[in-house]
Each structure stands twice: as structure tokens, then as C-alpha cells.
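Please read the structure below before turning to the comments.
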Amino acid sequence: MGCSHRLLLWLGAAGTILCSNSEFQTPFLTPSLLPVLVLNSQEQKVTPTPSKLEPASLPNPLGTRGPWVFNTCGASGRSGPTQTQCDGAYTGSSVMVTVGAAGPLKGVQLWRVPDTGQYLISAYGAAGGKGAQNHLSRAHGIFLSAVFFLRRGEPVYILVGQQGQDACPGGSPESQLVCLGESGEHATTYGTERIPGWRRWAGGGGGGGGATSIFRLRAGEPEPLLVAAGGGGRSYRRRPDRGRTQAVPERLETRAAAPGSGGRGGAAGGGSGWTSRAHSPQAGRSPREGAEGGEGCAEAWAALRWAAAGGFGGGGGACAAGGGGGGYRGGDTSESDLLWADGEDGTSFVHPSGELYLQPLAVTEGHGEVEIRKHPNCSHCPFKDCQWQAELWTAECTCPEGTELAVDNVTCMDLPTTASPLILMGAVVAALALSLLMMCAVLILVNQKCQGLWGTRLPGPELELSKLRSSAIRTAPNPYYCQVGLSPAQPWPLPPGLTEVSPANVTLLRALGHGAFGEVYEGLVTGLPGDSSPLPVAIKTLPELCSHQDELDFLMEALIISKFSHQNIVRCVGLSFRSAPRLILLELMSGGDMKSFLRHSRPHPGQLAPLTMQDLLQLAQDIAQGCHYLEENHFIHRDIAARNCLLSCSGASRVAKIGDFGMARDIYQASYYRKGGRTLLPVKWMPPEALLEGLFTSKTDSWSFGVLLWEIFSLGYMPYPGHTNQEVLDFIATGNRMDPPRNCPGPVYRIMTQCWQHQPELRPDFGSILERIQYCTQDPDVLNSPLPVEPGPILEEEEASRLGNRSLEGLRSPKPLELSSQNLKSWGGGLLGSWLPSGLKTLKPRCLQPQNIWNPTYGSWTPRGPQGEDTGIEHCNGSSSSSIPGIQ
């Protein structure tokens with residue numbers, strides 16, 4: 001610029017600086033250079049501007065206590081806030097700032113350090129704007145934090161980035177129709193092809209988000225301490241060919257000498273860098289140029305009144321492509337203004353003098369923000385551990401259990417002992433005697449109960465199926481089902497909308513395994529509304545011995561499953577609750593559970609891998625879609641794991657579905673979700689707050705999904721291999737996390753670690769998880785990653801994996817028996833031999849050794865009966881009086 005158009009006089013201690021060179025770059029306005037005199041080329045006179053950024057005149061008093069939170073003061077768009085806006089926004093808080101009114105510091109907030117020490121500074125960059133037809137999600141701004149040493153009275157400059165503007169609502173009726181989806185680029189540009197130099201389409205993209213910067217002055221030059229980059233703006237519409245896009249990780253610069261260049265751009269502007277210069281109106285301005293956001297492209301404003309500008313902090317203005325995000329280095333955007341080209345995020349920065357506290361993560365969905373708080377220095381403590389006492393404005397050392405802090409606030413002293421050794425000895429002897437008596441009483445009761453249960457036949461899938469098919473009716477009352485002398489169970493009325501299936505229309509075929517409440521069978525059902533052909537289903541039943549609470553839990557599971565309707569959640573076909581036994585009919589998932597499928601799909605040396613990385617990503621995407629549906633319906637599953645996910649088939653057209661809303665035992669009992677007592681906790685799938693405090697939120701399932709991802713990409717291995725539940729609890733409580741599975745792609749493992757954030761609010765929701773999995777499916781490096789080759793045969797990681805998953809493939813009835821109201825009432829009986837056809841052999845005896853089996857999933861003991869006990873399976877030293885039908 002020439003002095004004939006503008007002349008800036010910088011008055012400071014060193015003298016006067018004149019602008020007379022066309023290549024001159026405006027120097028950064030410092031407090032020592034105020035007041036400023038501006039020469040107006042039209043009026044040709046000097047007008048003084050009052051000094052408002054002088055450090056000695058700052059109004060915020062020293063000694064106030066934090067934390068201090070700085071925001072945009074209600075400002076939005078290209079320009080920053082004013083002093084009046086910030087005075088109103090910070091009313092009632094301890095934050096007092098001075099806002100620049102002119103020059104490069106216009107909109108920048110100046111704050112003084114209240115005391116010398118270390119401070120934790122957390123910065124949030126602003127998000128990018130949404131496109132007209134690309135509005136499902138916006139590009140998140142970057143968050144990061146670092147620790148810096150600041151001195152009392154030192155001025156700190158805070159530039160809070162503002163969100164890039166959205167394309168909608170537009171500025172004209174035609175653009176508003178595009179926003180509503182009632183018009184497109186072809187209709188709105190009809191007739192403009194003959195205009196010379198006019199492009200077919202312009203506008204509809206979102207502006208880039210502004211960067212949030214914290215800096216100070218060194219020798220009159222700005223020195224950035226922390227820069228949180230802004231998110232890029234979304235394009236007019238989503239990319240039609242998603243296979244060529246890939247997720248870009250958050251970028252961080254830590255070199256002080258690194259260039260702060262601006263992003264490349266075309267019709268849409270790139271984001272500004274720390275030392276860049278804007279070469280077009282659409283490009284974002286650097287802090288040296290006032291940090292304003294770039295303007296929307298002129299073609300878009302002339303055609304349809306689009307005006308999506310970049311946010312304050314250097315966000316690039318939009319055209320059809322999205323604007324680039326601001327940062328230490330600005331984000332690029334499309335130079336050819338493609339309709340589907342999103343603007344890129346900027347690059348964040350941490351000065352080498354600071355200590356990075358949290359890695360950058362794209363989380364901000366709106367305007368930027370800055371939080372500054374005192375960071376305690378624990379170097380003087382003997383155990384290097386302390387807590388900040390806000391009331392005393394000091395760090396108090398933490399002492400281990402059994403000691404207390406001395407008056408010097410440093411030394412840990414042993415607690416005084418008041419009890420004499422004689423009293424302690426007496427207490428120990430009394431406790432030992434009481435423990436011995438209680439142990440003897442427990443052993444006596446256990447012995448008596450074992451003698452009473454000796455020879456009792458435990459129910460199994462074969463026995464329960466035979467009872468359901470038997471015509472003999474037992475009339476003895478079941479004390480666990482109803483009280484002696486009362487009438488049989490009354491029918492349960494169903495809520496509206498649920499399909500009632502008559503027991504006469506249900507045919508049992510074979511046993512599939514054991515569920516949460518009873519056996520699960522494969523069968524056929526007829527007579528459904530709108531379908532006359534038999535439909536294969538999975539039938540869940542209540543066991544013979546059940547309490548009233550079990551019946552209520554069974555009904556609750558039926559109501560929950562019937563409520564959901566999603567392609568990735570097992571569908572409820574119908575219910576039968578008018579007579580005992582109660583039945584829940586679910587769609588049959590012939591592919592089995594995901595854990596078993598993954599274990600049997602492990603590639604071996606010299607064999608072609610049955611699965612690809614695309615197959616594993618598809619399984620993860622299916623379950624994530626089901627979890628997203630549950631999250632939108634405010635439902636917390638609490639037990640997302642591979643064992644609870646079912647597959648429609650084992651072939652290439654498989655679909656994974658969430659199939660357990662009560663299959664884990666006691667999942668609806670209150671004790672299941674409490675720590676301690678007789679609880680069943682899936683320790684290896686639960687976050688720290690659920691294990692330690694019993695807190696469950698929507699982010700509980702996010703943690704569990706991260707563990708499920710680990711199971712999928714390890715091909716069915718048990719999480720935290722080789723560790724007990726207590727070791728896992730200690731492991732995650734101290735901030736440790738699992739290593740990636742063998743050959744796991746980096747972007748997939750990053751999703752796992754984001755799901756395993758210690759703070760629940762930092763974990764992504766399932767909408768973000770789905771978006772990141774979609775990026776992985778478009779990354780060639782991820783898709784071409786090889787699967788780990790299993791060197792040997794498949795081993796059982798846990799003994800309990802063989803329990804409850806028995807598949808009786810040969811168990812077939814010679815003739816399917818309809819489940820009539822007469823034979824449904826039979827829960828006992830032994831007339832099984834009559835079902836054996838000629839030429840069929842009985843089940844070969846198997847030995848069962850007495851043992852207790854540890855369940856590594858839930859942390860519970862599952863007892864097995866002693867040898868010779870009749871458990872519904874033939875033994876080595878005896879034969880049953882009845883045979884299992886259909887075994888050859």
C-alpha cells in the first residue's frame with residue numbers, strides 16, 4: 001500500500017516508524033506503541049485514539065482466583081468482540097479483560113497474570129461451517145492444552161476463534177430452496193451459461209473456523225504460546241466417490257522456527273497462518289493483519305446471495321468448496337472450487353517452552369474457548385503428589401495412607417497409635433475365634449445342602465426340550481414359581497403393538513444354548529399376520545425353577561426388544577405370554593455369535609484368509625449403527641461385547657446385530673449394576689467410572705465399543721489377555737490402556753483410544769464413531785492391511801467360553817411336534833424313550849470331572865456338579881432311563 005492511501009504512525013519509545021514501501025508488512029501493535037495516531041487520507045488530519053491496551057492501566061486486579069474462562073463474548077462472524085460485549089459477558093465472574101479497538105489487536109482480549117507460577121492453558125479452536133447439502137455434521141475445532149510458566153503482571157493476549165458461517169439459511173429465496181432440498185445447482189443456474197466468464201455454480205459451502213491463539217510479546221514481537229486450529233468448512237455437498245477420501249489426523253507443530261504459512265485456496269479462501277498474508281478477499285487474515293475471517297466469494301453473492309464467511313481467527317471464506325480452517329499454518333481448500341471439496345483443518349501449535357498436557361483432538365462443535373487455571377507444582381513434595389487448595393491459593397502435598405501432613409506442608413508423619421498391644425491382641429483373638437465359628441457353620445450348611453442336592457438332575461437343553469415335548473403333566477406345585485395352593489400363573493396382558501403368538505403355532509426343532517433366563521431353541525412359527533409360510537425363529541423360554549422376579553425380568557426383556565426396530569438390532573417376531581411357559585420369538589441368526597465367528601475365521605499359514613480388513617470394518621460399522629440407534633433413543637446397553645453380537649449368516653452377505661438385551665444373567669437385577677455384593681460385572685468391557693463409582697452414561701457404551709473393536713481386530717481374543725479382573729481394574733484405573741492388536745491399522749487403534757478416554761465427556765458419541773469408521777473404510781492403507789496369521793490351532797482363551805454355547809447340531813426330532821397347550825404345560829416327565837425312532841442310537845456317555853470354573857467375563861464362580869451327578873448328559877458309569885431324541 002502507498003502512503004497516498006494510508007499512513008500509519010507508530011509512536012513508541014524508540015521513535016516513529018513510517019510506512020512508505022509497497023512491500024511493507026504491518027508491524028504487530030504492542031502496548032508500548034500506544035497511543036496510535038491514524039491519518040485519514042480523505043480528511044488529511046490526525047485523530048488520536050485513546051490507549052486501552054496499556055498493561056499498567058489494565059482494570060483486572062492481581063490476586064484473583066481462577067479458573068478463568070474466556071469466550072467470544074457473544075460475537076460471531078468475521079470480526080471479533082468489542083469491549084462493551086466482553087464487559088457484559090464477563091459480568092459476575094473473576095475475568096476482567098481489555099479488548100483492542102483498532103489495528104491488529106482489534107477483538108483481541110488482554111489479560112494479566114495474577115501470580116507467578118505454572119498455569120494450565122486449554123484452548124479450543126472454532127468449528128467450520130456446514131454446507132447447503134452437507135449439513136449432517138460440521139468439521140470440529142481442535143482442542144489441546146499445555147502447561148506454561150508465567151510471571152505476575154505479565155500481559156497475555158487471547159484471540160478466541162469464532163465459528164465459520166453456515167451456508168444456510170441463504171440470502172435469497174433461490175438459495176433457501178436449495179437449503180430446503182427443493183432445488184439444486186442445475187435448476188438455480190439455468191440460463192446463466194451464456195454469461196461470459198460465469199461459472200456454472202458458485203456458493204453453498206461453509207466458512208472455515210477461526211483459530212484460538214494465546215500469545216505474548218518478546219522484544220516487541222508476538223510470540224505464540226498455544227494455537228488451537230479451527231476446523232475446515234464443509235463443501236456444498238458430500239463427495240460422491242467416498243472411496244478416495246481418507247481421515248486426516250490432527251496436526252501439531254512444536255518448532256518455534258517453523259513457518260506460519262497460510263493455506264492454499266481458489267474461489268474459496270484458505271485459512272490464515274501465524275505470519276501469512278492474505279492474497280484474496282476470501283483468504284483468512286493472520287493475527288498481524290487483524291485476524292478477520294475471509295469473505296464469501298463474489299460469484300456466490302452475485303448469483304444467489306451466498307455469503308458464508310470464515311470465522312474470526314483467520315478462517316477462510318467459502319464458495320462451493322468449504323473455507324480452510326485457521327491455525328499456526330492455515331488449512332488448504334480446493335483451488336478449482338469443487339462442489340464436494342471440504343476445507344482442511346489448520347495446524348495447531350505449542351511453544352517449546354511449554355509442556356504438552358493433552359494431545360490435540362477435534363472436539364469443538366461451535367465457537368472457540370480458552371480456560372486458564374493454576375497448575376500445582378509438586379516438586380517439593382516427598383511423593384511428588386499434591387492437590388491444589390483454592391481457598392489457601394497453594395498446593396498441599398498428599399501423604400500415603402497411615403500418615404498425615406505436618407505443619408510445614410511438606411513432611412509426612414505417622415499417625416499416633418493409641419491402642420495398647422494387649423487390646424490389639426485381644427481383638428485379633430476374638431476376630432479369629434468368630435471367623436472360625438462362622439467358617440464351621442458355613443461348611444456344615446454347605447455339606448447339608450450338597451447331600452440334599454446329590455443325585456438331583458440339573459436342567460440342560462436336552463432335558464428342557466424333552467419336557468416341552470413330553471405329554472406327561474406334573475401336578476406338583478413349584479415353590480419357586482408360585483405358592484402352594486394358589487392357582488396357575490395368570491395370563492399377562494400385552495401392551496398395544498406387540499404380536500401375540502398362539503403356542504399351537506410354535507414348533508420346536510432343536511436346542512441352541514442357554515440364555516439369560518432359560519434355554520434357547522430353534523423352531524418354526526406359523527400364523528403370523530401377513531405371512532402364511534413357516535418362519536424360522538429363535539425361541540427363548542423361562543426355566544422350570546424360576547421366581548416371580550425372573551418372570552418380571554423376562555417380561556421386561558420382551559418389552560425392551562419389542563420396542564426397537566433397526567436393521568442392526570435383533571428383531572422380535574412375537575410373544576407368547578398368555579400361558580406358561582412364556583416364550584419370546586426372535587429372528588433366527590444362523591451365523592452365530594460374533595466371537596465364535598471371528599475365532600474360527602483366523603487365517604493359518606498356507607491358507608487363504610477367509611476375511612479381509614473390509615469385512616472387519618463392516619462388522620464394526622454394523623454394531624456402531626445399532627449403538628447409534630440406541631443412543632438416539634436414550635438407551636444404555638451396558639454390555640456391548642462380541643459375545644452379545646449375532647450374525648445373520650456366516651457368508652459374505654452377513655449382517656451383524658446387537659442380540660442381547662438381557663441374555664447376560666442378572667442384567668436387569670439392581671445388583672448387576674452395583675459394585676460389590678453378588679454382582680456380575682463385565683470388568684474387561686467397563687469404563688473406570690462404572691467400576692469404581694457405579695456411574696453409567698451414554699459414554700459407557702462408547703468405552704465398551706472400543707473394547708469390541710479390539711476383539712474384532714484381534715479376531716476374537718479375550719481383552720487384556722493374561723490378566724485377572726482385579727488386575728484389569730487396577731490397570732485401567734491408573735490410566736493404562738491395551739496395546740493395539742497385531743497388524744491393527746493406526747486409524748482403527750486411534751478410534752479405540754478415543755473410546756477409552758478417562759473422562760466420559762471426552763469420548764466420542766456414536767455419530768462421531770460412525771464417521772471415523774467410514775473414513776477408515778475409505779483409506780487404502782487400512783483396507784490393504786494384512787490380517788494376523790495364526791501360527792497354531794485355535795486355543796480356548798477361557799474355559800467358560802465353552803459354557804452356554806453348546807450347539808447340539810445332531811439334536812433333531814424325527815417329526816416336528818407342534819407346541820400345543822397340553823404339552824406346553826408339561827415341565828417334567830421322563831417318557832423320552834417313546835420319541836426314539838427305530839435305528840437311532842443314544843448319546844455316547846461322557847465323563848464330567850468335578851471342578852469349579854472361573855468365568856473371566858463377569859468375575860463369578862460357576863460350579864460344576866461332582867462326578868456321577870445327573871446333569872442331563874450321560875455319564876461314564878451309568879445310563880439314563882431315557883434317551884435324547886435324534887442323536888445318532
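Here, residue 1 is simply the first one shown, and the rest follow in order.
Placement of Cβ uses the backbone N, Cα and C atoms for every residue, glycine included.
Here the structure is a predicted model, which means the values were calculated and not measured.
Features of the protein shown, as given by Swiss-Prot:
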type	residues	note
ACT_SITE	Asp639	active site, proton acceptor
COMPBIAS	260-273	compositional bias 'Gly residues'
COMPBIAS	877-888	compositional bias 'Polar residues'
DISULFID	Cys73-Cys86	disulfide bond
DISULFID	Cys168-Cys179	disulfide bond
DISULFID	Cys297-Cys319	disulfide bond
CARBOHYD	Asn377	N-linked glycosylation site
CARBOHYD	Asn409	N-linked glycosylation site
TOPO_DOM	17-421	topological domain 'Extracellular'
TRANSMEM	422-446	transmembrane segment
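Positions of the features from Swiss-Prot, shown on the structure.
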| residue | record | DSSP (3 states) |
| --- | --- | --- |
| Cys73 | disulfide bond | coil |
| Cys86 | disulfide bond | helix |
| Cys168 | disulfide bond | coil |
| Cys179 | disulfide bond | helix |
| Cys297 | disulfide bond | coil |
| Cys319 | disulfide bond | coil |
| Asn377 | N-linked glycosylation site | coil |
| Asn409 | N-linked glycosylation site | coil |
| Asp639 | active site, proton acceptor | coil |
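Look at the Cβ of each of the disulfide-bonded residues Cys73, Cys297 and count the other Cβ atoms within 10 Å; the largest number goes with Cys297. Annotated pair Cys297 (disulfide bond) and Cys86 (disulfide bond), C-alpha to C-alpha distance, rounded: 31 Å. Across the fold, the C-alpha of Cys179 (disulfide bond) and the C-alpha of Asn377 (N-linked glycosylation site) stand 53 Å from each other.
The most densely surrounded of the disulfide-bonded residues Cys86, Cys319 is Cys319 (count of other Cβ atoms within 10 A of its Cβ). Per DSSP, the secondary structure of the compositional bias 'Gly residues' (260-273) breaks down as 0 helix, 0 strand, 14 coil. Listed in sequence order, Lys130, Ala132, His135, Ser175, Gln176, Cys179 are the same-chain residues at least 6 apart in sequence whose CB falls under 8 Å from the CB of Cys168 (disulfide bond).
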